[in-house]
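Asks: So TrEMBL says this about it:
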ACT_SITE  His117  active site, pros-phosphohistidine intermediate
BINDING   Lys11, Phe59, Arg87, Thr93, Arg104, Asn114  ATP binding site
DOMAIN    3-137  domain 'Nucleoside diphosphate kinase-like'
Amino acid sequence: MATNRTFTMLKPDSLEKGNTGAILEKINAAGFRIVAMKMTQMSTKDAETFYAVHNERPFFRELVEYMTRGPIVAAILEKDNAVEDFRTLIGATNPADAAEGTIRKLYAASMGENAVHGSDSDENAEIEGNFHFSGREQF
Ligand code: RTP
Ligand code: MG
């Protein structure tokens with residue numbers, strides 16, 4: 001995968017609240033091209049694997065419960081400087097700290113339920129995109 005790609009998930013709270021369309025519109029308006037997308041639900045094992053880097057953290061079980069409780073929308077996005085620009089678009093992990101107009105400021109309830117995921121490096125974008133999508137699902 002090219003390094004001008006990032007990976008995102010619209011987390012279960014976004015789908016529960018009916019915010020899927022509004023969030024995708026923000027992503028589109030910010031100039032990201034969707035190169036893979038699907039609605040899916042992570043199993044406990046999926047979430048434990050995806051978030052393995054956090055498995056010693058006190059919030060790990062809560063995070064796995066949250067991410068598995070309902071469907072998500074997973075997508076790979078393409079744009080120049082995709083990883084950094086997408087992190088800017090979504091805002092800080094804690095919506096209380098997120099800048100005005102960011103997706104988390106607009107749509108996230110709390111640090112634990114923060115609406116969207118964005119990869120934190122080109123390397124992780126590739127790993128995470130390949131976790132959810134086969135090669136022939138990436139356009
Ligand atoms: P993400 O990976 O989802 O894009 O979020 P992030 O980089 O901004 O934050 P990260 O440190 O990677 O944490 C991953 C997710 O774990 C949940 N979390 N809960 N209750 C808490 O203190 C806490 N801290 C983190 C959030 O859902 C966060 O997005
Ligand atoms: Mg992260």
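Cβ from N, Cα, C; glycine included.
Caution: TrEMBL annotation is automatic and unverified by curators.
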Asks: Express in Å, rounded to the nearest integer, the largest CA to CA distance found among the ATP-binding residues Lys11, Phe59, Arg87, Thr93, Arg104, Asn114 named in the record.
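Replies: Taking every pair among Lys11, Phe59, Arg87, Thr93, Arg104, Asn114, the longest Cα gap is 21 Å.
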Asks: For the domain 'Nucleoside diphosphate kinase-like' (3-137), how many residues does DSSP put in helix, in strand and in coil?
Replies: 65 helix, 24 strand, 46 coil
Asks: As a check: which entries in Lys11, Arg87, Arg104, Asn114, His117, the recorded positions, place their Cβ less than 6 Å from an atom of ligand 1?
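Replies: The qualifying recorded positions are Asn114, His117.
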Asks: Could you tell me the C-alpha distance between His117 (active site, pros-phosphohistidine intermediate) and Lys11 (ATP binding site) in angstrom, no decimals?
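Replies: His117 (active site, pros-phosphohistidine intermediate) to Lys11 (ATP binding site), Cα-Cα distance: 7 Å.
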Asks: Using all protein chains in view, find how many other C-beta atoms are within 10 Å of the C-beta of the residue listed as 'active site, pros-phosphohistidine intermediate'.
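Replies: Other Cβ atoms found within 10 Å: 20.
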Asks: What number of additional C-beta atoms lies within 10 angstroms of the C-beta atom of Asn114 (ATP binding site)?
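Replies: Asn114 (ATP binding site) is surrounded by 23 other Cβ atoms within 10 Å.
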Asks: Drop a 10 Å sphere on every Cβ of the binding-site residues Lys11, Arg87, Arg104 and tell me which sphere holds the fewest other Cβ atoms.
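Replies: Comparing Cβ neighbours within 10 Å for the binding-site residues Lys11, Arg87, Arg104, Arg87 has the fewest.
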Asks: Counting Cβ neighbours within 10 Å across all chains shown, tell me which of the binding-site residues Phe59, Thr93 comes out on top.
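Replies: The most densely surrounded of these binding-site residues is Thr93.
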